[in-house]
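Engineer: Pulled the feature table from Swiss-Prot, pasting it below:
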BINDING   279-287, 469-474, D547, R562, K698  ATP binding site
COMPBIAS  26-43  compositional bias 'Polar residues'
MOD_RES   S34  phosphoserine
MOD_RES   S50  phosphoserine
MOD_RES   S53  phosphoserine
MOD_RES   S70  phosphoserine
MOD_RES   Y655  phosphotyrosine
REGION    1-64  region 'Disordered'
Amino acid sequence: MPRSSEAGYCCLSRDSNMPDSRDDQQQGASMGTSPDNSQTSSLIDGRTLSKESPSHGLELSAPEKARAASLDASEEALWTTRADGRVRLRLEPFCTQLPYTVHQMFYEALDKYGNLSALGFKRKDKWERISYYQYYLIARKVAKGFLKLGLERAHSVAILGFNSPEWFFSAVGTVFAGGIVTGIYTTSSPEACQYIAHDCRANVIVVDTQKQLEKILKIWKDLPHLKAVVIYQEPPPKKMANVYTMEELIELGQEVPEEALDAIIDTQQPNQCCVLVYTSGTTGNPKGVMLSQDNITWTARYGSQAGDIQPAEVQQEVVVSYLPLSHIAAQIYDLWTGIQWGAQVCFADPDALKGTLVNTLREVEPTSHMGVPRVWEKIMERIQEVAAQSGFIRRKMLLWAMSVTLEQNLTCPSNDLKPFTSRLADYLVLARVRQALGFAKCQKNFYGAAPMTAETQRFFLGLNIRLYAGYGLSESTGPHFMSSPYNYRLYSSGRVVPGCRVKLVNQDADGIGEICLWGRTIFMGYLNMEDKTHEAIDSEGWLHTGDMGRLDDDGFLYITGRLKELIITAGGENVPPVPIEEAVKMELPIISSAMLIGDQRKFLSMLLTLKCTLNPETSEPTDNLTEQAVEFCQRVGSKASTVSEIVGQKDEAVYQAIHEGIQRVNANAAARPYHIQKWAILERDFSISGGELGPTMKLKRLTVLEKYKDIIDSFYQEQKQ
């Protein structure tokens, strides 16, 4: 029996002549749609399918039946580099949960969450929502469209666009059709797109705008596997061969029988690849991280449980999707975990990181939220700017409330019975701040993908917002360690996800060693890169992360830096840069970015950038200092309000204050080889467009070393002479 019936889909408007078997069903006001969807442009026709409706054509199976995937992988290796390869799942003896596929996960979710709102999106300034039934049916339609376009097993559909329902439909549809989901960052150059699309053998590329379409048109001749491009947010500028809109894709898919799609779904196995995540490629070409269906479904279930994500039966989680879905952290959190637990995922505008994110947060009021450290830092800086512009009494009230709350959270972090002053501070001040940020209902705030400064963590603790860390890699399907309201320790990355394992190798006297991981989260291998796969996975199957850290007596992990980032001075001293960089930023609130230098050099030096405002249109750093930076200048006796005033004129007061701050950091250093002896302030803050930051705002150290080579070399010229 086919698992689907026809469900209307329309990106821009509904065709009134389109036949729809549900036209006789009067369910427009049921949960999951807005009552006026039929009058507004919509992704679907506006009616929610109920479980009892004969039109949905779904024969829901019991969980036991859905999980009964035949799997005989006893002879498989733990790794493969072939897109069509299989691996032996890491079931025994620590993680015996039955494996299942993405389709089985979604199909089970329909039984529990079918009528709940799944995806929220804005059309003509109004929020619209679709249910999990509609989500599933549209994904099937997209899957059939991909099959009609010629998607082959173990080939990819590459997606190049901002977060949207269509991104989700394309991803889920790809897996249903037996393909491999491959995200490409929207900031990627045509050359980077060409490398990834060629490496993953993309049969179809899905883009959102004409700008992204133009990139693909430039490189199409160099992509032998590419058969078609689908564009969804705006139509192509003209009719082009093998370029389709999303509506045309779905129309083509109607020619594929439901039974043909079901046959493909039924042959899928949990130990086959379904997602490719490409690393940033800071030391060469990007590596394609192959993730199996079991990697995805196991992590979506158990990784999120470790973060206290709730199933919709208890409380439907509401999340805002805005971080790049090409990154595993956003993809596993927004897309796959959402399906597992029946969350409602609402999409922010494409310019969310340029300043509109807070508007979406206020409108949606998420129950859990994830941001990379740079996002949390920008929120902190914005609050500080607003506070600086407030009246004397309001500013003092905020400082008092944050001081009282920070002290309470530091001294009695797990005490639910807070003293009267803390409750008063929260009621009078902090609750209003959280509401203004859109966090009034947010119970869990996560961060990952990069280290977070102690200053930022303490700032949000002062607002009664705990930031819960997760630690993992693309190669561990995202979270291998998680913090939660019940598993929290300040500055730590949480504890290992139950069912996973960790060990530290080559530990020093302080217990710091390389972090090695084992479990169902561990990737299949790097696509077409056997040597790199052997470097990452040892003979016993442990993933060597390249990250350094230590474990406390309770199993909480503390990251100390990257093995590859470890600075080895000319004198043979091993210096982890991150703690020193964080100490400088903590000591000097005017500093935005700090990067330590000294590998194979006789002493340490540092590049600094100043906190500046961002252009609201482009999100580029401007020359204007933030309010916090201006306050710092005033405190030290400077009238500067721009970066150029400080750097161009070598502002004596600011330079002296920075010198004194660095001397204080040096005074607290373990030994003289850890002292910063020279430093320079750059004329512009680090940014994605400048190349110093990656798509998730992670510092690209090799790029910085190359870009500012002349400045760095000048630090050491006297030494050479």
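Backbone N, Cα and C define each Cβ position, glycine as well.
These figures come from a predicted structure and were not determined experimentally.
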Engineer: Which one is it: of the binding-site residues T279, G472, D547, whose Cα lies the shortest distance from the Cα of Y655 (phosphotyrosine)?
Structural biologist: D547
Engineer: Please identify which of T279, N285 has the densest Cβ environment, defined as other Cβ atoms within 10 Å, among these binding-site residues.
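Structural biologist: The residue with the most neighbouring Cβ atoms within 10 Å is T279.
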Engineer: Please state whether DSSP places the residue listed as 'phosphotyrosine' in a helix, a strand or coil.
Structural biologist: helix
Engineer: Hey, does DSSP put D547 (ATP binding site) in a helix, a strand, or just coil?
Structural biologist: strand
Engineer: Who sits close to G472 (ATP binding site): which same-chain residues at least 6 apart have their Cβ under 8 Å from its Cβ?
Structural biologist: A329, G448, G478, P479, H480, F481, L517, T521
Engineer: Helix, strand or coil at G472 (ATP binding site), per DSSP?
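Structural biologist: The residue in question, G472 (ATP binding site), is strand (DSSP, three-state).
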Engineer: Quick one: give me the count of other CB atoms within 10 A of the CB of Y655 (phosphotyrosine).
Structural biologist: 17
